[in-house]
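Chemist: This structure is in structure tokens; I'll ask about it shortly.
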2 protein chains.
Amino acid sequence: IAKEVAKLLEMKAQLGGDEGKHKFVLKTPKGTRDYSPKQMAIRERVFNAIITCFKRHGAEVIDTPVFELKETLTGKYGEDSKLIYDLKDQGGELLSLRYDLTVPFARYLAMNKITNIKRYHIAKVYRRDNPAMTRGRYREFYQCDFDIAGQFDPMIPDAECLKIVHEILSDLQLGDFLIKVNDRRILDGMFAVCGVPDSKFRTICSSVDKLDKMPWEEVRSEMVGEKGLSPEAADHIGEYVQLHGGLDLIERLLQDPKLSQHKLAKEGLGDMKLLFEYLTLFGIAGKISFDLSLARGLDYYTGVIFEAVLLQQENDHVEESVSVGSVAGGGRYDGLVGMFDPKGRKVPCVGVSIGIERIFSILEQRVEASEEKIRTTETQVLVASAQKKLLEERLKLISELWDAGIKAEVLYKKNPKLLNQLQYCEDTGIPLVAIVGEQELKDGVVKLRVVATREEVNVRRESLVEEIRMRTSR
Amino acid sequence: IAKEVAKLLEMKAQLGGDEGKHKFVLKTPKGTRDYSPKQMAIRERVFNAIITCFKRHGAEVIDTPVFELKETLTGKYGEDSKLIYDLKDQGGELLSLRYDLTVPFARYLAMNKITNIKRYHIAKVYRRDNPAMTRGRYREFYQCDFDIAGQFDPMIPDAECLKIVHEILSDLQLGDFLIKVNDRRILDGMFAVCGVPDSKFRTICSSVDKLDKMPWEEVRSEMVGEKGLSPEAADHIGEYVQLHGGLDLIERLLQDPKLSQHKLAKEGLGDMKLLFEYLTLFGIAGKISFDLSLARGLDYYTGVIFEAVLLQQENDHVEESVSVGSVAGGGRYDGLVGMFDPKGRKVPCVGVSIGIERIFSILEQRVEASEEKIRTTETQVLVASAQKKLLEERLKLISELWDAGIKAEVLYKKNPKLLNQLQYCEDTGIPLVAIVGEQELKDGVVKLRVVATREEVNVRRESLVEEIRMRTSR
């Protein structure tokens, strides 16, 4: 049988070749997807919640190109740089797709000499990562960034970023969540007192960053085996990274004989204490955990860092199947703008990025499970006819409605059946039908039908717009 | 002197080299730009007008990735294909940035076996063209596309597309405009009766397409000289492409002894007549010109084609300086989906694309000229204090306001001066200031100041949210 199958397959291939037709692969590129109208409806709900929050906090909005000069991105992402998409050299400048919105933002600030701005930016970014699309990990994905740039008193903008994450995650009703915070200065102090050589800070930091995906034992062996750290230093780190808590832990570490002697760590701990005071004033300290294992992968952070994770709910069957991790992250990057400024002038920045794809995965699955019917259009009325030969009359009426700002549709048929027209309303959720007929035309009225109740009333043509507005203004 | 300069320059270069600093170019890639908050505010007005119109016509919305498999774009754009941006081959699939939204739409329909949809899609597309940025021509630019796919009775969806262009251009108040229409079948018929060989139809069509930028003499010499058309055929075409008009011209051509004998041309003219009847019902025939010189560059059109141009207003100094051309274009492409379907199944489509960048250029210049002050945030109230040491109280109050959905800001300073806080409101257009002070805290009130009138009232803290809502609901 196998032989026969092989022969048939070969014949098939030959046949394909004879037709001169190249086997065309009908797909989107690896790690990307289309959004259907239904998915777009869910996505727009999420965007609305996020944008509303950003605007509530007084943010302006900017936009930057999808690609940057390659050198703009060079040296900003540490070990992640290998994931950057480059464009082909077709003559002219060497370009890369943006990897995040933070580096383009810093480039924008330096280029326009802006030293003070609070802005949001919602756009797609690109990473040649291994996609895990069922868990909301894509190569093309949206980031929703809010950043505050400027020289301000300590920790006030930082606290606002955390407030924003708290507001958005609460608003979207994604279930329980926790926001982990740490500080790069505390991490560096920790590495110093554990005996990590200065030159290994960044690479050991990358290892610590893997603690949310790997057990400590593996991270430890990466540190010792691959990165050549002494076992004693690793074990010492191992003790610190288990620590998490609130003000109590901050106080304890401020008393830590070694850490409190480290200038940067002490500064970081002092700021962390201040941050928790502000978070308490905002009423959100209960959802924040100071966590020494939080490291964040990117190179450019210089102070506070944070990451929000959704907590698995054991009783919620819908969400159990989606393993979500981090849904928001960010931190302070006081040196990045200076990397672009010809004179190295610094603009302190702190910001947060909401990871919309994972949130979207959860909401999409929730909608699927609930069998909630989502409308993908906003059409208020279908202009229909009961008899034949009324296309002209339908077009005249719908034109009047459009010009009055009514959202209206008509079937693109000369003589559609009334049943088909009503069915279209059922399928798409259109609440009203405006029916023209010979008699109605003579009488100067239009028959308005409510799809849900099948109620029908004759409305004078000159009152139709008002009547439709009233009936669809809920 | 030149020698000295050269020496100095060399020294400077060496110095740069010594510092190990590479001269960094701080710019966006050629043909692209950032959008500042003010530009974004204008852009969002335009998008809102367009999206409102698309929704009024019952469109759903979809989204597709910014890049496609390279082969998805191959063979769809004719002579324009050389302008496609390719991604670098970094292992894996060969990818290109999308050149328009139409081909990805057709790919989406074929891939999902959709035979019936009315959708819009607003996204950036990419063309390695020679940018002319002052005239709104970029390498990265937005397209706002509305398309109707499905097997319907002739010219009803086509007429709706023209109605949409008319509504949007009227709504945006860009001044007088004209929508030129033609039909690829009429063009092909015209080429046939003029003696153009079949094999030269597409390339001669490309030449005709240049008539809006070049005089006829140049186009003629391209046809004859570069493309090897006989002078007689070219002259014959020259007579036809001067023709433009309305129903009268259609009737005349239907009587044209040669053209009326050409099957496709006759079909096209019949449909054109029907189209004008529908446009008359929509009340927009006055702005439509049947124009035999309209050709459209892209290969995939099969029937009606159209293009909207703004008419220069001689008395309007603002617009005189911006030379805008086409601001919208589109047409029927009945074969494109079939190119993606493994069995070649066709889905007839017609659609329109609004060219937002040129519209944006005009509006931006108009705003500059009018000195209209555009707000870039929506903040309703600044939470301020008159005395020192009230940061905590300000944070507590603003947190209450945020939680109640009020758009509020606070200066990120421990002890800001009241004058600076009021100045911030003036600069950014914030209408209200909520001032906390020792006395107000004791009395359980907040002092609410109206920035424009300097009026101040004490509002009980529990009524503050309601009071702000009332005062900012215009």
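Cβ atoms here come from the backbone N, Cα and C positions, even for glycine.
Not measured: the values here are computed from a predicted model.
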Chemist: Among B:Arg56, B:Arg127, B:Arg128, B:Arg252, find me the residue TrEMBL lists at the same L-histidine site as B:Asp100, B:Leu101, B:Thr102, B:Gln143, B:Asp147, B:Arg296, B:Tyr300, B:Tyr301.
Modeler: B:Arg127
Chemist: Does DSSP give B:Gln143 (L-histidine binding site) helix, strand or coil?
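Modeler: Strand, per DSSP.
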Chemist: Note down the number of other Cβ atoms within 10 Å of the Cβ of B:Tyr301 (L-histidine binding site), including every protein chain shown.
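Modeler: A 10 Å sphere around the Cβ of B:Tyr301 (L-histidine binding site) contains 25 other Cβ atoms.
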Chemist: Could you check the binding-site residues B:Thr102, B:Gln143 and say which one's CB has the most other CB atoms within 10 Å?
Modeler: B:Thr102
Chemist: Give me the long-range Cβ neighbours of B:Arg296 (L-histidine binding site): same chain, 6+ apart, Cβ under 8 Å, in sequence order.
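Modeler: Set apart from B:Arg296 (L-histidine binding site) by at least 6 residues yet with Cβ under 8 Å, we have B:Asp209, B:Ile305, B:Glu307, B:Gly329, B:Gly331.
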Chemist: Select from the binding-site residues B:Asp100, B:Gln143, B:Tyr301: which have any Cβ-Cβ contact with chain A shorter than 8 Å?
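Modeler: The binding-site residues close to chain A: there are none.
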Chemist: For B:Thr102 (L-histidine binding site), which of the three DSSP-derived states applies: helix, strand, or coil?
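Modeler: The residue in question, B:Thr102 (L-histidine binding site), is helix (DSSP, three-state).
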Chemist: Mean pLDDT for the domain 'Aminoacyl-transfer RNA synthetases class-II family profile' (B:31-363), as a whole number?
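Modeler: The predicted confidence over the domain 'Aminoacyl-transfer RNA synthetases class-II family profile' (B:31-363), as a mean pLDDT, is 92.
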Chemist: Taking 10 A as the limit, how many CB atoms besides its own sit near the CB of B:Asp100 (L-histidine binding site)?
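Modeler: The Cβ of B:Asp100 (L-histidine binding site) has 20 Cβ neighbours within 10 Å.
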